[in-house]
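A.B. asks: Just lifted these from Swiss-Prot, have a look:
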| type | residues | note |
| --- | --- | --- |
| DISULFID | 31-102 | disulfide bond |
| DISULFID | 38-96 | disulfide bond |
| DISULFID | 39-84 | disulfide bond |
| DISULFID | 103-116 | disulfide bond |
| CARBOHYD | 33 | N-linked glycosylation site |
| CARBOHYD | 40 | N-linked glycosylation site |
| SIGNAL | 1-18 | signal peptide |
């Protein structure tokens with residue numbers, strides 16, 4: 001009886017070591033508060049760029065999308081991403097040859113992305 005209990009106790013670690021390890025396909029996220037984007041270009045929102053952005057994008061957003069004054073609500077320390085497309089860590093993160101950014105859910109069909117922060121993906 002003692003031999004059966006001992007065998008059962010010794011068998012548990014052996015079975016645990018024999019279990020195959022499943023590799024993780026996801027990596028720790030650097031983009032917790034938005035979406036991961038690959039943008040053709042990005043610009044800071046300093047005074048000169050902000051005036052250009054308000055002129056070009058403000059007119060475009062106001063005229064086409066009915067979102068005039070949107071750039072006044074954007075954090076001045078964040079980036080504006082231009083011509084962005086969403087990427088995923090698993091799928092095509094290494095295919096972004098331009099600027100990889102994390103944008104706070106302000107994507108207008110890839111035209112612009114507001115509230116972005118640059119991130120580095122090394123997979």
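Glycine residues also receive a Cβ, built from the backbone N, Cα and C atoms like all the rest.
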A.B. asks: Looking at the recorded positions listed here (33, 39, 102, 103, 116), whose Cα lies nearest to that of residue 96 (disulfide bond)?
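C.D. replies: Closest recorded candidate to residue 96 (disulfide bond) by Cα: 39.
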A.B. asks: Work out how many Å separate residue 103 (disulfide bond) and residue 33 (N-linked glycosylation site) at their Cα atoms, rounded off.
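C.D. replies: Here the two Cα atoms are 8 Å apart.
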A.B. asks: Cα of residue 40 (N-linked glycosylation site) to Cα of residue 102 (disulfide bond): how many Å, rounded?
C.D. replies: 14
A.B. asks: Spatial neighbours of residue 33 (N-linked glycosylation site) among the disulfide-bonded residues 39, 84, 102, defined as Cα within 10 A: which are they?
C.D. replies: 102
A.B. asks: Using a 10 Å cut-off, grab the number of neighbouring Cβ atoms around the Cβ of residue 102 (disulfide bond), all chains included.
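C.D. replies: If we count other Cβ atoms within 10 Å of residue 102 (disulfide bond), we arrive at 21.
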A.B. asks: Distance check, please: Cα of residue 31 (disulfide bond) against Cα of residue 116 (disulfide bond), rounded to an integer number of angstrom.
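C.D. replies: Approximately 10 Å lies between the Cα of residue 31 (disulfide bond) and that of residue 116 (disulfide bond).
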A.B. asks: Report, in whole Å, the straight Cα-to-Cα distance of residue 102 (disulfide bond) from residue 39 (disulfide bond).
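C.D. replies: One finds 10 Å between the Cα atoms of these residues.
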